[in-house]
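Engineer: First the structure, which I've put down as structure tokens, then a few questions once you've had a look.
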Amino acid sequence: MEPDLDSTKAAAGNRKHLAMLERLSKRTAATSSADSPEASPVAAFLSRFAAAKAAAESAVSACRSSPDDVAASLAAASSAVDDLERLVAEASHSLPPYELRSALAAVSDLRAAHKLAASEIRPKKSFSFRNKSKATKNPAQDSPPLPQPPPEQPKPNKPNAILPGFGFRSRNGATLVKDLRASNEKDGDFTLADLVSCEVYLKGKCRALYIHKLRDCRVFIGPVFGSVLIEDVERCTFVMAAHQIRIHEARETDFYLRVRSRPIIEDCSGVRFAPHTLKYVGIEDDLRDSGLAEDTGNWANVDDFKWLRAVQSPNWCLVPEEERLPTVDISEVQERDNCN
Amino acid sequence: MGLLSIIRKIKRKEKEMRILMVGLDNSGKTTIVLKINGEDTSVISPTLGFNIKTIQYQKYSLNIWDVGGQKTIRSYWRNYFEQTDGLVWVVDSSDVRRLDDCRAELHNLLKEERLAGSSLLVFANKQDIQGALKPDEIAKVLNLEVMNKDRHWKIVGCSAYTGDGLLQGFDWLVQDIASRIYVLD
């Protein structure tokens, strides 16, 4: 009995094993055919697409042949085209570019055909496909090129006429002093523009500072609890503290800074940096109120947007210690020039 | 338009919106993004390159691309145009001198075909600063009404410093985008 049992067991085991192998091979065959990336899903899509396309085409042509029930047939055609588009959209992940392109082209052809049919059958009724109507409109606008350009050209420099805000502008050889703590204006901005050979002393805080076109000036400024934008300065010295400092087109200019973030330069050459050295009675309070009580050391962490590499930019350097300004105390400087 | 609409339909499932923040340097783009996300805005270096933030806003997930505005890197803005649902143009309302630059850059940007379908929100930022131009004055200088016909746009005064106006702006933008691409809602 025993050997018999064994042999039947073995036979059963064998059969099982064979069946399992068969199942496995079937499964691998099935998965491999499903997995082969190009062949089957694309083929399946193409056949479904061809069917949907034929349906949409016949729906569109049906519009013309059945003038009695125009609205319904147009709507049916439109939804057939929609179906087609949805089909493409769903398959767009897996489709190779060529198939996708040709499928999209077929969809847009059908849309055009449908639109044409619609406009022929009921020319007045608005079946508006906005993109297409724009596409047909644009060439018409392009041919007379006159109406478009004018809006872009007018009013150059107009805002210059209405420069608002506090500031010193267009001075030569003057000493300009302003104590912002004295004025009632809070959270204002301040502008320095078109100054030549001037000394500028600004005590107190301001919210933003704009500096434009300075030549041979020395500028001492209290804390700015916002950003500073400096453009087009030459042979100047600036001492200031601020949250953000951007320097554009500066040449041969020294900056003594305390800044919360990294100062940046762009289109600059020969600019040098050193730590902040300004004093006046009460500056400690102003610095603290502006979040600038501590020196972060960022005055030396300059980013040069014209030199995005790891090596040191040739456009800036530090002021050698022996050349640095001593601490500048402007407590005694009296206000003597009204700003405009 | 075919491919764009496909992309939109795919995105519809995820309730995702892609928002591009651009504008001149020093306009406050990064500050706006951090403020709206409730982060510290007191230490922000000028953006060298770009930042991406994903923010849950109402029931949508906003992918905000905040791209640096320095002149040198403006030419790279084009690399971020693809699939943009909403455009946020940020203006420093107190920088009157550069409003001409600002207008030129904006209109240059809006010529871009890949941005043709996107909604435009203009933030007239820094309204907390005394002497800042008001939103309607900014709209006039930037000549915004020329695009009345072919784009959804809105200008909103705001201050990234105080936070005023930011939600109002984003509410409009998100609603406008949603009504355009999530038609089934």
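The backbone N, Cα and C atoms fix where each Cβ goes, and this holds for glycine too.
Curation plays no part in TrEMBL annotations; they are all automatic predictions.
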Engineer: Looking at TrEMBL, B:Gly23, B:Leu24, B:Asp25, B:Asn26, B:Ser27, B:Gly28, B:Lys29, B:Thr30, B:Asn125, B:Lys126, B:Gln127, B:Asp128 are annotated for GTP. Which of B:Gly69, B:Gly86, B:Gly169 sits in that same site?
Structural biologist: B:Gly69
Engineer: Mind checking which of B:Asp25, B:Asp128 has the fewest other CB atoms within 10 A of its CB? They're the binding-site residues.
Structural biologist: B:Asp128
Engineer: If I take the alpha carbons of B:Asp25 (GTP binding site) and B:Thr47 (Mg(2+) binding site), what is the distance between them in whole Å?
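Structural biologist: Cα of B:Asp25 (GTP binding site) to Cα of B:Thr47 (Mg(2+) binding site) measures 9 Å after rounding.
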Engineer: Return the binding-site residues from the list B:Asp25, B:Ser27, B:Thr30 for which some CB of chain A is under 8 Å from the residue's own CB; sequence order; 'none' if the set is empty.
Structural biologist: B:Asp25
Engineer: I'm trying to understand the geometry here, so how far is the Cα atom of B:Lys29 (GTP binding site) from the Cα atom of B:Thr47 (Mg(2+) binding site), in Å to the nearest whole number?
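Structural biologist: Taking the Cα atoms only, B:Lys29 (GTP binding site) lies 9 Å from B:Thr47 (Mg(2+) binding site).
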Engineer: What is the biggest Cα to Cα gap, in Å, among B:Gly23, B:Leu24, B:Asp25, B:Asn26, B:Ser27, B:Gly28, B:Lys29, B:Thr30, B:Gly69, B:Asn125, B:Lys126, B:Gln127, B:Asp128, the residues listed as binding GTP?
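Structural biologist: So the maximum pairwise Cα distance among the GTP binders is 22 Å.
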Engineer: Reported as an integer number of Å, what is the Cα distance between B:Gly23 (GTP binding site) and B:Thr30 (Mg(2+) binding site)?
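Structural biologist: So the Cα of B:Thr30 (Mg(2+) binding site) lies 11 Å away from that of B:Gly23 (GTP binding site).
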Engineer: Can you check which residues sit near B:Gly69 (GTP binding site), meaning Cβ under 8 Å from its Cβ, same chain, 6 or more apart in sequence, and list them in order?
Structural biologist: B:Val22, B:Gly23, B:Leu24, B:Asp25, B:Asn26, B:Ser27, B:Lys29, B:Thr47
Engineer: Quick one: Cα separation, B:Thr30 (Mg(2+) binding site) versus B:Lys126 (GTP binding site), in Å?
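Structural biologist: For B:Thr30 (Mg(2+) binding site) versus B:Lys126 (GTP binding site), the Cα atoms are 13 Å apart.
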